[in-house]
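To start, the structure itself, in structure tokens.
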Amino acid sequence: EEDMYRDAEEIEREKMLLCETSFSEHKLSVAPEMDIMEYCRKEWRGNTPVAKMMRKGYEAVSQKFASIRRVRGDNYCALRATLFQALSQATQLPSWLQNEDFTMLSENLLSKYDWIKQWQLKQKLGRKMGEISDEIKEYLILLRKKWQSISEIKGPIEKQEACDKVFKNEEEEYSLYEALKFLMLNTAIELYNDDKNGRRVPVFSWLLFARDTSSNPCQLMRNHLNHIGHSGGLEQVEMFLLAYALQYTIQVYRLYKYSTDEFITIYPNDPEKDWPVVTLITEDDRHYNIPVRMCEETKL
């Protein structure tokens with residue numbers, strides 16, 4: 001009985017420590033890297049079938065990546081992990097960010113689609129149309145500025161430090177997510193119009209607009225994009241949309257799908273050959289972490 005009591009006390013202390021750690025990391029969007037198998041052992045200690053499968057999944061990932069960076073688990077998680085990886089690997093400004101009309105995107109869309117005035121910015125609801133346009137324009141300019149400055153840094157350590165700095169500045173960070181969400185809306189509108197005009201569109205586009213809650217871009221905005229970061233994260237089909245908006249291939253190790261064909265899932269299924277690749281890890285398709293330090297033999 002005495003041994004059992006001590007075990008319980010130890011467990012309780014551990015819970016308290018985890019709570020304290022979680023609280024102290026509240027402002028830290030992307031935690032420092034740690035050994036991927038050490039992280040796995042801490043997270044999945046039991047002998048349940050799920051724990052065993054997760055350990056096997058992490059072991060498979062560890063053949064390619066040595067470390068993991070834990071991502072803050074709010075409803076911006078998928079956007080945060082993807083953008084962090086894209087910026088930390090950036091060596092040049094993507095062509096779509098170089099477009100002269102890029103910063104005019106909010107004005108151009110609002111002039112065509114009155115319903116976009118229902119766009120909900122984080123903690124700033126009920127704005128007038130002009131105010132929304134100006135705010136989103138600021139976010140798009142910030143995205144271009146950050147991408148440009150980080151891509152120009154040559155040294156890997158300096159580049160990583162600059163990237164970390166962005167994800168420690170809460171105001172800037174959430175502004176960038178709003179920019180990404182608006183780019184997703186713009187891409188959805190383009191795909192929807194292409195399909196209506198008989199042009200070829202990727203399969204995920206049909207799935208995106210086959211949902212009862214998003215049969216057109218207006219519904220997609222109201223019922224899905226407006227909720228990302230507030231009351232929900234990205235669904236699977238929206239991961240495809242994010243990949244298309246950024247023109248990046250998003251490769252995800254889905255650990256709960258270990259030993260199936262879906263263990264490594266690519267968004268989109270048929271990416272353009274020149275699209276850069278970012279890699280994420282998920283245990284449940286809701287929360288995403290970042291694998292880092294690709295193993296030397298993998299690089300070769």
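Keep in mind that glycine also has a Cβ here, set from the backbone N, Cα and C atoms.
What TrEMBL says about this one:
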- D74: active site (ACT_SITE)
- C77: active site, nucleophile (ACT_SITE)
- E262: site 'Linear diubiquitin binding' (SITE)
- H287: active site (ACT_SITE)
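Neighbour density around each Cβ, counted as other Cβ atoms within 10 Å, peaks among the recorded positions D74, E262 at D74. Here the candidates are the recorded positions D74, C77, E262. The one whose C-alpha lies nearest to that of H287 (active site) is C77. Taking the Cβ of C77 (active site, nucleophile) as reference, residues of its chain lying under 8 Å away and at least six apart in sequence are, in sequence order, V71, G233, R286, H287, Y288. Each residue contributes its Cα atom, and for E262 (site 'Linear diubiquitin binding') and D74 (active site) these two points are 24 Å apart.
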